[in-house]
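See structure below.
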Amino acid sequence: MALQMFVTYSPWNCLLLLVALECSEASSDLNESANSTAQYASNAWFAAASSEPEEGISVFELDYDYVQIPYEVTLWILLASLAKIGFHLYHRLPGLMPESCLLILVGALVGGIIFGTDHKSPPVMDSSIYFLYLLPPIVLEGGYFMPTRPFFENIGSILWWAVLGALINALGIGLSLYLICQVKAFGLGDVNLLQNLLFGSLISAVDPVAVLAVFEEARVNEQLYMMIFGEALLNDGITVVLYNMLIAFTKMHKFEDIETVDILAGCARFIVVGLGGVLFGIVFGFISAFITRFTQNISAIEPLIVFMFSYLSYLAAETLYLSGILAITACAVTMKKYVEENVSQTSYTTIKYFMKMLSSVSETLIFIFMGVSTVGKNHEWNWAFICFTLAFCQIWRAISVFALFYISNQFRTFPFSIKDQCIIFYSGVRGAGSFSLAFLLPLSLFPRKKMFVTATLVVIYFTVFIQGITVGPLVRYLDVKKTNKKESINEELHIRLMDHLKAGIEDVCGHWSHYQVRDKFKKFDHRYLRKILIRKNLPKSSIVSLYKKLEMKQAIEMVETGILSSTAFSIPHQAQRIQGIKRLSPEDVESIRDILTSNMYQVRQRTLSYNKYNLKPQTSEKQAKEILIRRQNTLRESMRKGHSLPWGKPAGTKNIRYLSYPYGNPQSAGRDTRAAGFSDDDSSDPGSPSITFSACSRIGSLQKQEAQEIIPMKSLHRGRKAFSFGYQRNTSQEEYLGGVRRVALRPKPLFHAVDEEGESGGESEGKASLVEVRSRWTADHGHGRDHHRSHSPLLQKK
């Protein structure tokens, strides 16, 4: 039985035995192959290790690819900065050609070097870099430093010209070029209508920065300057909105036809994008102004708040497909008025110069990249398209200028003359904006992109080099109306006063104009906005606040430049220094030291401290504040003493004589008693002079007054004639110490008119009293009294 079973299942057993043998042989082959592969790899690694040199710590290594982009960009900016320095060292060169010409030439030089060495330039310009990093600083600088008053006075004409002018130029150039493209002989049949309209929108973006520099030097009238400035400020935003809308239409046309509904939706979007961007900017401007209200203890971050909120308004608007350019412009205009009131003077200086620096760097990079792009093989030259583009730019610019200003002149009090319109037409210079938009055209939608870029470069070179250089001689040839000289503080105050007066007259007459609108906005601003957004309580009167701003500005200029300003409240220019200088005797030096000790401002002892988040005030800022405080105190005392007539008595015009000191109040005994007991005890310094005020009879105290007015300078002027203190005491008292001019530091008495009839006829009512200033001097006052009493013409009747 067992044998039978073995015989029966023997074939299967044999098959199983064969399979087992095959598996064992296969596994042995795999093991051998794996071992051979591992042995081969090991041998190869050892061979490679033996062939390579041994690595160690190298003293010098070169990895240029790692730093190529920032390194070359830094060199570009440094080269342009050095070129600017050399450009402005020769004072005649800026008057002959604009600065943008220099930057383009530097870029062309760099491009020639790159092209000659067959080196690939770094990707400085693409869509994200331009719109997110290069464009915002340029727009922010233009909006922040915009002169708000003349801009809003001409806001109607500026909007009329900037918006409609950009639309007319874009549509006119695009339609005209589309007609040229229909001519088969020119070989432009593949350029459709949308592509021509898009090119017309980007080529109509003007950049009259060079023209504005020429206008500033030529001092053209204010309204002409503001029209060009307003066009430069708003034209970029309008052009970019139109550019993006036509890009969307081009993408849509690639897959489907454009209908009338799409065109109407695009027009509505144009309005929504512009107004939405402006509203976003206003909101962010108010927020930034409100936050700077609480930064008095951490002033180091004040510039950061200004820049971050401005940039955030741009990014937030772009996130919602609104106009970021108009948003950052509105934010800058809104925040400037309130931020300057809250931040410190050091922070304001930082904001001003850092903003200028960022704008200059961005424009430099764009112009240099324009010059780099000029030299190369990425151009398509079509004579017909380029020449007609240049011609249509000039033709449609002229049509839009003369047509729009003919209409606007019908509603203006001061219309633009034909000469002004010619200058506006000639100032249509294309620049960085047009080139950037042309360079960023998507190649998938524009197969003839190289031709568009070439035509844009030709238009830019023509307008910058030809029109930018010749606009100065044209202004002088046409004899365009010039602006007046720089207004003084007195003129500024009277202009503000006349604004209030005109607003009141318009309110009475029922007339409505920008004076009344501005006056209502100021009331709303003082009632609500300033209380919320500004930290300090400034004077309620706008005239007083304007005076304070102008005084602070003038004081800072006096400190920084060292030159006394020529405005209405400036100190008169001093006499020239005497050439011969004598050596002073020890007695003279001691007398000078005594006088200076009793008259000069004492240095206040302060405990020095350090705060990481606050900037140390500059010396010029302290000096400016000290000058402002002294000047305000002087003016306050002058206004207080300026009531020279007896109380309650009308002014007379006869028998006027002049005294050295003004009258007080003769009818108030209590006021005289308080004045007699008043003394300056606020000064904690022991060397400061004590000042007392006393009321006494004008006639009885005349000799004492004369004795106290004379400074004992005769002992310091041995061999000289006694010095007479006449009319000079009203401005600045000068003594010559051994041939050296010195200004006496003592209170400045003012001369006031007194009615002599009131003196002679009012003996029974009480004599006029004189508030005199008694200064305690260390030297003897007796020298020169008789001479002064006998020769002073101010104490005699006229």
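Each Cβ is built from the backbone N, Cα and C atoms, and glycine gets one as well.
Looking up N31, N342 in Swiss-Prot shows the N-linked glycosylation site annotation sitting on N342. Relative to the membrane, L177 and G376 occupy opposite sides according to Swiss-Prot. All protein chains shown were included, and the count of other CB atoms within 10 Å of the CB of N342 (N-linked glycosylation site) stands at 25.
In the topological domain 'Cytoplasmic' (292-304), the DSSP tally of helix, strand and coil residues is 9 helix, 0 strand, 4 coil. Packing against the topological domain 'Cytoplasmic' (149-154) from elsewhere in the chain are residues 222-223, 226-227, 229-230, 514, 518: each is 6 or more residues past its ends and has a CB under 8 Å from a CB in it. Most Cβ pairs under 8 Å to the transmembrane segment (385-405), among the stretches 128-148, 155-175, 227-247, 357-373, 451-471, belong to 155-175. Counted as Cβ pairs under 8 Å, contacts with the transmembrane segment (271-291) are highest for 227-247 among 95-115, 155-175, 227-247, 357-373, 451-471. Most Cβ pairs under 8 Å to the transmembrane segment (451-471), among the stretches 155-175, 227-247, 305-325, 357-373, belong to 357-373. The transmembrane segment (305-325) makes contact with the transmembrane segment (128-148): 3 or more of their CB pairs lie within 8 A, with pairs spaced 6 or more apart in sequence. Of the two recorded stretches, the transmembrane segment (95-115) does not lie close to the transmembrane segment (155-175), with fewer than three CB pairs under 8 Å once pairs fewer than 6 apart in sequence are set aside. Distant neighbours of the topological domain 'Extracellular' (176-196): 246, 249-250, 253, 382, 384-385, 388-389, 392, 395-396, 445-448; these residues of the same chain sit at least 6 beyond its ends, with a Cβ under 8 Å from one of its Cβ atoms.
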